[in-house]
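What Swiss-Prot says about this one:
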type    : residues                    : note
BINDING : CYS39, ASP41, HIS98, CYS101 : Zn(2+) binding site
Amino acid sequence: MKEIIDGFLKFQREAFPKREALFKQLATQQSPRTLFISCSDSRLVPELVTQREPGDLFVIRNAGNIVPSYGPEPGGVSASVEYAVAALRVSDIVICGHSNCGAMTAIASCQCMDHMPAVSHWLRYADSARVVNEARPHSDLPSKAAAMVRENVIAQLANLQTHPSVRLALEEGRIALHGWVYDIESGSIAAFDGATRQFVPLAANPRVCAIPLRQPTAA
């Protein structure tokens with residue numbers, strides 16, 4: 001904890017004064033344009049990867065960057081999605097997986113997680129991705145795990161669209177969905193192209209979307 005407290009003291013001493021005007025503005029309101037849903041993994045820092053300032057991203061993080069399908073008893077992820085879309089009215093949602101994801105590797109390798117029942121239950125929300133991934137050939141476990149990361153991003157994009165707030169925003173043409181996979185070693189991002197159903201380098205394809213803004217559905 002000493003390093004964390006020392007870091008806070010350095011923030012107060014050096015970083016905060018440089019952004020004092022920004023924090024004063026943010027003290028009473030926020031208006032992020034993007035909901036960023038990522039894994040809890042310590043190696044993926046959304047604000048660092050996207051070079052965003054405080055107030056720019058509304059962030060949800062959990063093991064496996066999972067969005068459970070909407071159900072009769074919505075949980076914390078569902079509530080956060082609804083708030084971001086209906087109250088904050090974000091214009092973009094990013095679901096971001098990453099290389100060497102422990103959760104997806106555990107699924108791909110069929111690891112027994114009886115000693116972590118809560119984790120085991122949570123990862124069931126990636127079952128649709130697991131089924132697709134198991135049906136495809138893979139040369140080795142690392143390639144199978146990497147494919148699982150990609151399939152999971154696609155599956156969570158589908159789950160996201162079961163949420164009423166997201167579905168309405170899509171129909172109204174005021175939100176776009178993005179599926180990314182961040183590579184820790186290279187710092188690159190592969191983005192899911194909804195038109196081709198392929199992942200492509202984001203740097204070379206900055207406009208690619210899983211689901212772009214649509215024309216509003218006629219009443």
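Glycine residues also receive a Cβ, built from the backbone N, Cα and C atoms like all the rest.
Feature annotations (Swiss-Prot) mapped to structure.
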residue : record              : Cβ neighbours (10 Å)
CYS39   : Zn(2+) binding site : 24
ASP41   : Zn(2+) binding site : 20
HIS98   : Zn(2+) binding site : 21
CYS101  : Zn(2+) binding site : 26
For this session: Tell me whether CYS101 (Zn(2+) binding site) sits in a helix, a strand or coil according to DSSP.
Result: coil
Exercise. Given the recorded Zn(2+) site (CYS39, ASP41, HIS98, CYS101), which additional residues of the same chain have their Cβ within 8 Å of the Cβ centre, ordered by sequence?
Worked result: SER38, SER40, ARG43, LEU44, GLY64, ASN65, GLY97, SER99, ASN100, GLY102, ALA103, MET104, VAL149, TYR182
